[in-house]
Amino acid sequence: MNLCSSGATASTTSLSSTGQAERSGGVPGGGAEGGGGSGNSGGGGKTSNGSAEAPTLCFAGGSGTAGAIAGTEELSNANSPANGAGGATGSTGSGQQPTGSNGHSHLHNENNANMPPETRPKMVTVKHPESNKPKPTTKKSKPIQADQDVIKALQRCRDEGIKRLDLSKSSITVIPSTVKECVHLTELYLYSNKIGQLPPEIGCLVSLRNLALNENSLTSLPESLQNCSQLKVLDLRHNKLAEIPPVIYRLRSLTTLYLRFNRITAVADDLRQLVNLTMLSLRENKIRELGSAIGALVNLTTLDVSHNHLEHLPEDIGNCVNLSALDLQHNELLDIPDSIGNLKSLVRLGMRYNRLSSVPATLKNCKSMDEFNVEGNGITQLPDGMLASLSGLTTITLSRNQFASYPTGGPAQFTNVYSINLEHNRIDKIPYGIFSRAKGLTKLNMKENMLTALPLDIGTWVNMVELNLATNALQKLPDDIMNLQNLEILILSNNMLKKIPNTIGNLRKLRILDLEENRIEVLPHEIGLLHELQRLILQTNQITMLPRSIGHLGNLTHLSVSENNLQFLPEEIGSLESLENLYINQNPGLEKLPFELALCQNLKYLNIDKCPLSTIPPEIQAGGPSLVLQWLKMHSPYRQM
């Protein structure tokens, strides 16, 4: 039996309340193809020369755009949404006509709507003794079932020669066999529905080029899909596929294949047949091995196999010489093959969070790379001079590894770099002059290392904007830090600092200063010169008083001085007009608060826990910070202001 023979079409007389849509004239499918509709379901109108335009049909919740299909997927580790659950909808209740698989329900209610008012059945409310909730004896009609509307949409698609059909986000569970009649279709969007399987008749759409099936409940594909020999883009993200359906390997015209977030465990050798693929995404599956067949896909430009269970890559990966983006992050890779050096077009290589102890020296051949990221591995050192060979690098991320020193290669390796992240390693020294050529370096993260001192040439880092030195063993800051006048963020928490140099006042662009958990006893008066400061974090130190100049910090919104030895707060704190959060908890010597605190009109949060505030009645303190502020306002000499 030929599934694609026209035959008799199913009767839809009882399904249509408005009749067949009016034709706009011309030959169905003639003229220009409708592009990028906005969700309208109207047919194509005549063009200015009188020829008919092939319309685009969008349905129900569809967006009218091809948003489900992208040219490439980002090499990100963003969380993926859960799969859409499958299953039928529209269970029946008492007093309701059962709903059939074709969605022909509530027809009697539609007829009732056309009756004269005097002949319609009345809505009678009955109150049951055991319930206060009124229960109607006749149920109100529900919206037309989504699967029923699909029949209408397909009929219109057939009649008007529509080339682009968007049925996305419509709670569809079944695609009827009448889809075979939509032979003009080149784009079909069925994403974000509840489809469990496709009918064999899908193979009749021989002109199809784009097919979006992502976010459904598919476990397989019909063999007839191989008849769609012009298919270029196939999107199967977020389904329930336990394997790559064999029919896919016979779709040799495919250029883009998305299989992200399924349950695939293996890739068959037949993959080598898809020689026209330029984009392949197998992200977030359960694949343990990528066979040699991958090397046959010489036209690939983007390959995403991240978030799987790969331990090795085949040497054949080096045959994919057109790759510009290769995402291997979040696997269990123990090594990278030397053939990776053949990928001279590579711009982005994601190797984060694997089990690598080294990377091959051949990577220095990949001179087009602009980002080098091996975060979350066990690497102790990079091949000598490798970073210097990659002269196009702008960001380098070596965090969460086992580096005991900076990579070898000298200042040349950072010439064009603007961001360096070496967080969470075992580095005890920043080499003198290592950044002498890094004129564009604006961000350095050395958090969680073993630094005991900063290099003497720190004053030459004049373009630095963000400097994170938290969780080291620093005992002092050099006075030359005053030269970092572009600095906006300075993180020095969890060190062994006893004082802050007066030259800190030269950092006039500073917005965030974090000195938490040090051994600081006194803040310099020059702190008041930081007029752009928004967050000042001083908690867990040994500070006994805040300088009166703190009142000059007009942009300060967050001040934390908890867990110190404060005896009082300066009355100038009332000048902090932008202050929203104030933490002064756990200062055992703080017995009173200045009335001027009531002048901080934007203060939203005040933490005074474990402060012996003897001047404020206990019942006021027990009422919480808001009541304390109210008390201060009521008893303040400024209450008339």
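Going from the start of the chain as shown, residues are counted 1 onward.
Every residue, even glycine, has its Cβ placed from backbone N, Cα and C.
Listed features, source Swiss-Prot:
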- 1-19: compositional bias 'Low complexity' (COMPBIAS)
- 1-146: region 'Disordered' (REGION)
- 26-47: compositional bias 'Gly residues' (COMPBIAS)
- 66-83: compositional bias 'Low complexity' (COMPBIAS)
- 84-93: compositional bias 'Gly residues' (COMPBIAS)
- 94-103: compositional bias 'Low complexity' (COMPBIAS)
- 161-182: repeat 'LRR 1' (REPEAT)
- 184-205: repeat 'LRR 2' (REPEAT)
- 230-251: repeat 'LRR 4' (REPEAT)
- 253-274: repeat 'LRR 5' (REPEAT)
- 345-367: repeat 'LRR 9' (REPEAT)
- 368-389: repeat 'LRR 10' (REPEAT)
- 440-461: repeat 'LRR 13' (REPEAT)
- 486-507: repeat 'LRR 15' (REPEAT)
- 509-530: repeat 'LRR 16' (REPEAT)
- 532-553: repeat 'LRR 17' (REPEAT)
- 555-576: repeat 'LRR 18' (REPEAT)
- 602-623: repeat 'LRR 20' (REPEAT)
Surrounding residues of the repeat 'LRR 9' (345-367) on its own chain - C-beta under 8 Å, 6+ positions past either end: 75, 77, 301, 306, 311, 321-339, 373-383, 385-386, 389-392, 397
DSSP-derived helix, strand and coil totals, residue by residue, for the repeat 'LRR 2' (184-205): 5 helix, 3 strand, 14 coil
Cβ-Cβ under 8 Å with the repeat 'LRR 20' (602-623): same-chain residues at least 6 beyond its ends: 557, 562, 577-593, 629, 631
